[in-house]
């Protein structure tokens, strides 16, 4: 079992947290695949598709094929005595074809198989990228181009860029290939390579053949000197800021939670998955369901640069690069506070063997000095009453680094039942090399901000689309949009001429539930139409967005067709187990024919049904010099907050933690 | 001097924090008035206006009359050797008239005086309210009404409600009076009186005469039983939630800041004032100005209930009740973490004598487990580099409680130069008594949510308008609105059909700078047009709003005329020392003729001038049952973030605090 202090249970979130591979642990149908399961899957598949010189097999995706929701719920309720079958979903490339396999681990066989022949390709593996990046170094035209620039080959680092789809002839029909563009950086003695792009050179690599099929050295641009871009404390030159005095979080009796379950799991594409988040209702003396499953479904990061080597930079990071594959090891005491507990994660390498990401998750109780609730009652003559409760919550964190950018992903579970999701953007912004050294020299649109000499940080967006399979107190939910509407008062005896009222409408079909935020004030509720509070209010949870960032690309632009899931901030769809990835199962070079927007266009009924909320959190990023050479974290997020879910404030009866610290 | 650990300086914010009254301390022109100064002011004023039976003098407002900005800046730069004169601004009611006095403390005399004869009245004093609330208990019709309802008089608590202005005849001309409505609650053995309104009874009190001039017992509504509304831990009945284990913040070497200055001051109307916030620029080796002064200017809280006793509940809490007057003592370990330092505040009572609010402020370093910046460099073959810095910031907090509602006010200063302002709403929602006990029985608009039997929590808004006198690297600033605009690509050779560009426009006059958020994506920048980075970018700070809540009342509705400052989320005005209070200097019963909207209508030039940013943060509050009987904190806020203010990331060279805790 994963390392865990054995304390009493706690927290209103049922802390079913995360086993990874414990042969002896109690089975749970939503457990992440274990290393031994990855190995078994590999054996089963390689036996069925033996490799040979003409028969190349690569595992592009291996993840849990989860049992149906009804199966899981029945199992949880102990209505079935047998465990649901343990299955994996595998996407393999075999001889230039995409194979979808369901591998049954109980029966040790391939339960189903299918060749996919539609648009788009599966996620890149690390090996896809590493091998593609290496090709350049033995490719004479590239070597010559580097030499011609007076650069040292051993200081060059290359990276694979997805190419998207732009409607060109070679991208259609039989000529289409699984390709990436390889472009390179110059380290020049430091590790901050992203500040030293080598502009003008790009190579096209066929990933299935693993060879360079195109090369262009279009233009020579000075590699930015990028002085003062070193970010390692051990290498930075003085002066330093004076260090702060130590500050730390202490839990003398250990954490209040136990690691004893399955609430957190890991998927190489989605990264962290939160499952079966339930809340213990003190009044009802039972656990009540809130979120069946929540995770990042896709992330769309288009750059706004029309330069030849830049215009196709419209990344679908989850579907192309893997939000889980890019999960990074967390550093104790820095990435997470001293009271954090860490968990490893595993994924399948290209050859099917398991690979570990040590400390991929951290879990900690958070006390930021905030107040959960308070009141000073000063109205009663001669008496002052003051009651305050500290806000202590539980945070689960991962970090995903996509080349230059780092995303800090927090799911925070508050004692009040609120679930706050925050993403913090940090790391390096993408910089284009340029001849400019001062803004006054620039007469054209440079597509970004001159952040240093010869360095333009390019305008871009980040859209994170979350799939939130809410099951508020049960499967059957409805989506209610309560618009706040100014109402005119026509009664002349009234002092008032206006007030606002709440105009609640239940979405009947998917088209009723597409919302661009910012236009009209509204409460966005997931309710259980079959359950009411004692007062007769529908049991619900509401989405509280923190920003209102929407898509800016034209809807007919190819990247936007593929990212049509960002056309609205909020969508609600009928539950469909296969609709997980907002940009489609095959996001790389997709044509946008399998997006959330396409599914929603079926306009299914969503009233009193098992439904799914999709929320897109966006950032338009205009870089500033402060973002160079590493960006201070910029946060965005949203909250899911109980709204007539409880009969009253569920944290009224929370006592202050027993031991208070006397300073 | 205020209690303070004497550590070395810290934080990039120049920690000029807050002395209150230290006879021996070094003079600073922005110090809060000290108790001895309050006493001196009282002596000077009472000498000039001796009280008699016909001559009643009340101090409605006493605050620092600050020296001109140029005087303060010159003084700070040591350009003048003499201290600026120490003056106070006093608003007194003398014989039904509002007197404005400037009292010079150096000369010990009244430097100027004026009788105000326009619309509106000064802030209520505590004594105004306490005395008005008491009147009911000896007023026979009220006593009879309470008895008729079978209630015990000793369990009744009354409160004074501002009456606003609704254009009625008696509110105009010579008949206008300084009045409040007194309405009452029934404690019934607990202290949560706000859950037990006594509906139907209202009294009108003339504050200057201090007598009841109107009484109405319009209707009898059951007082809600309000079971389970006790919120004191010592009185709540089990079951309790299981306590969490202790969690605390420890700074073994003490805080990193020193309390040695004047950055925080206190005003009875504004509450906490942040002054002269500057940033130490490591590269330039100098302190650079950011915020000359920032504070809550007004708070507008209109209720959406047309019931007779409710329709005038459209509060201007800062201008009527005092954001500072309602500042509450903070509770160590609960309102603020164990590493907090506390500060007292003082204000003038109605008789001019000083009154202390013990522990009105707390100041602490905050480490919430967050990440200031990080990057994992995993692109370099055979090498992984990981650098992470903890996010430790400095927080200054006050809590203001306006009867039922508690506002937690945080100003957070980040090492990166960001200033984050957060307000947390907690306390009690206003509840109207009703006969309803179930939603299904309600056929009319009840103006709120049935949160418990006989208890409707009323729809309302909170608008907090902040006055932010930014002086970004100097006085002369411009406001730049950089709209992000979709641009069509017409070059057929391009892969792209669209991208977005930044269309920056400098506001010439005040009308160019009125912004309703949510409509168009834009960067909102305060720049110093006379200073550029080495790259040629204008030195700036930007406003990052967290929400987009706007006004919903009709613009011709009387409360909205008075609160016209909420018509836009963002305004920029020419600096004018007298334009401090967005709802006017005399907010009580104001007619809206002295609001931010009126000033902005002058349409002054604001380009390359000393200008002021006004930001309105709003909440539309649709209550839910979770808000009953005390509301879990709901946060809103905004960030002021350096944007080409520095040449590069100012926290690149921050070292990890030297002592790390090993768990």
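Yeah, the Cβs are placed from backbone N, Cα and C, and that goes for glycine too.
As annotated by TrEMBL, signal peptide applies to A:1-26. Residues or ranges marked as domain 'Copper amine oxidase N2-terminal' by TrEMBL: A:28-115. Per TrEMBL, domain 'Copper amine oxidase N3-terminal' is recorded for A:122-223. Sequence annotations record features per position, and here TrEMBL assigns domain 'Copper amine oxidase catalytic' to A:248-652. Taken from TrEMBL, the feature active site, proton acceptor covers A:317. Per TrEMBL, active site, schiff-base intermediate with substrate is recorded for A:405. The 2',4',5'-topaquinone annotation in TrEMBL covers A:405.
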Averaged pLDDT score, the domain 'Copper amine oxidase N3-terminal' (A:122-223): 95
C-beta crowding around residue A:317 (active site, proton acceptor), within 10 angstroms: 25
Distance [Cα-Cα, Å, rounded] between residue A:405 (active site, schiff-base intermediate with substrate) and the residue listed as 'active site, proton acceptor': 11
Secondary structure of the residue listed as 'active site, schiff-base intermediate with substrate' (DSSP, helix/strand/coil): strand
Other CB atoms, at most 10 A from the CB of residue A:405 (active site, schiff-base intermediate with substrate): 24
Within the domain 'Copper amine oxidase N2-terminal' (A:28-115), residues counted as helix, strand or coil by DSSP: 22 helix, 34 strand, 32 coil
Three-state secondary structure, which DSSP defines for the residue listed as 'active site, proton acceptor': helix
